[in-house]
Amino acid sequence: MDCKKYINDIIEKLERENPGETEFQAAAKEVLISLVPALEKNPKFIEEGVVERIIEPERVVMFRVPWVDDNGKVQVNKGYRVQFNSAIGPYKGGLRLHPSVNLSIIKFLGFEQIFKNSLTGLPIGGGKGGSNFDPKGKSDREIMRFCQSFMSELARHIGPDTDVPAGDIGVGGREIGYMFGQYKKIRNANEAGVLTGKGLTYGGSLGRTEATGYGLVYFVDEMLKDNGLSFQGKTVVVSGSGNVAIYATEKATELGAKVVACSDSNGYIYDKNGLDLELIKRLKEVERKRIKEYVAVHPEAEYHEGGNIWSVPCDIALPCATQNEIDEASAELLVKNGCIAVGEGANMPSTLDAIEVYRRNKTLFAPGKAANAGGVATSALEMSQNSMRLSWTKEEVDAKLKNIMKNIYVSSKACAVDYADGRDLVIGSNIAGFLKVAEAMVAQGIV
Ligand code: GLU
């Protein structure tokens, strides 16, 4: 069997059958190409049609989300939940609220989630959802009415043993709170395990807020150590200024790095003295302001409206904003300026061409589905605590997170050694994530 041709034929069919879904096509292509050596060693996955089945979501739900704005005007958004794969556990993955959201983006994220969740070693399947609702500039009451309307429909499709949504871009503790309140009211049941990222007063887990950012730095630290390097004394650029960026900055700084830049969708801040993280937390988490306000407090720092944050020289780049934020040219720029490692806090922030640039230049690369799995892993720990009706301390959760990130590195690296050149964590993490799901799918028959 020519596995390369087999995979190329599947990619061609996928592109034909999912026209215009560029994000989904790119994500699927990246994974499928890297599976070739795994299929060569495991022909049973071909006989059982695992690849053909894994690229097709088990279920896609699309729905209307009507709500009334503060002026009494009726607004309508599109709602989505893609339940991609439940072979190893209930569908699990975040909800994204952003004007760019469409079916292609939710399918790409849901597909990535299958492999990411498998890598955590915990029993969670892959799913993703969201809406093209734009939270920017909305009042708290508008956010609440939107979340309630969104959950009025979503509630019938989810449950603690079926599908467990959480946050993503545009969805944090506030939104999860409003959605949980509505779910509880509709179901007349206090099922804490139906959503993760909840507040600490009603079933949330200590350490969940920090988990994606901390987990990213734990993973990159493992990768650096494995190559005789560390964060100590390194200059770091972090894109974004949300939850992932903030806590990646905190942990990298704790490990001795200097984080000099971060961004939002309008522009980026460069502070050569190292970012004032307490100020960023206040601006973003409390006052919900734009990052440009930073320079009002620190006039010595620079704000670049619309500039490219990847032009700032750094040793380590941690893209924590959104997909496709590092293209080929930005990757070239990073390498030219001496960047030795890239760790993805966001989901697929590097384009396929950018990843080729890292490969060519032997830049250490921690792909998102391995490096940012700490968030969803800690969501799974939240589900465990909810099932037990007990809660662990922050230290307990953090110790488990650290261990999980280490294990993800070890298993991805092991597959990189077995199936590739020993360095390529894209191939390593894709195959490590795939093998468990594929075994579970084969065991459960053609369903
Ligand atoms: N949205 C996050 C991710 O991309 C977290 C999902 C979750 O906690 O379920 O993995």
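The first residue you see is number 1, and the count goes up from there.
For all residues, glycine too, the Cβ spot is worked out from N, Cα and C.
Going through Ser330, Ser350, Ser379, Ser384 against TrEMBL, the one listed in the substrate site together with Lys92, Gln113, Lys116, Gly167 turns out to be Ser379. If you measure from the Cα atom of Ser379 (substrate binding site) to that of Thr212 (NAD(+) binding site), you get 10 Å.
Within 10 Å of the C-beta of Gly167 (substrate binding site) there are 27 other C-beta atoms, taking all protein chains into account.
The substrate site is defined by Lys92, Gln113, Lys116, Gly167, Ser379, and by the 8 Å test on Cβ atoms against their centroid, the other residues of the chain that qualify are Gly93, Gly94, Asn117, Ile124, Gly127, Lys128, Ala166, Thr196, Gly375, Val376. Filtering Lys92, Lys128, Asp168, Asn243, Ser379 by Cβ distance to ligand 1 (under 6 A) retains the following recorded positions: Lys92, Asp168, Ser379. Among the residues Lys92, Gln113, Lys116, Gly167, Ser379 said to bind substrate, no two Cα atoms are farther apart than 16 Å.
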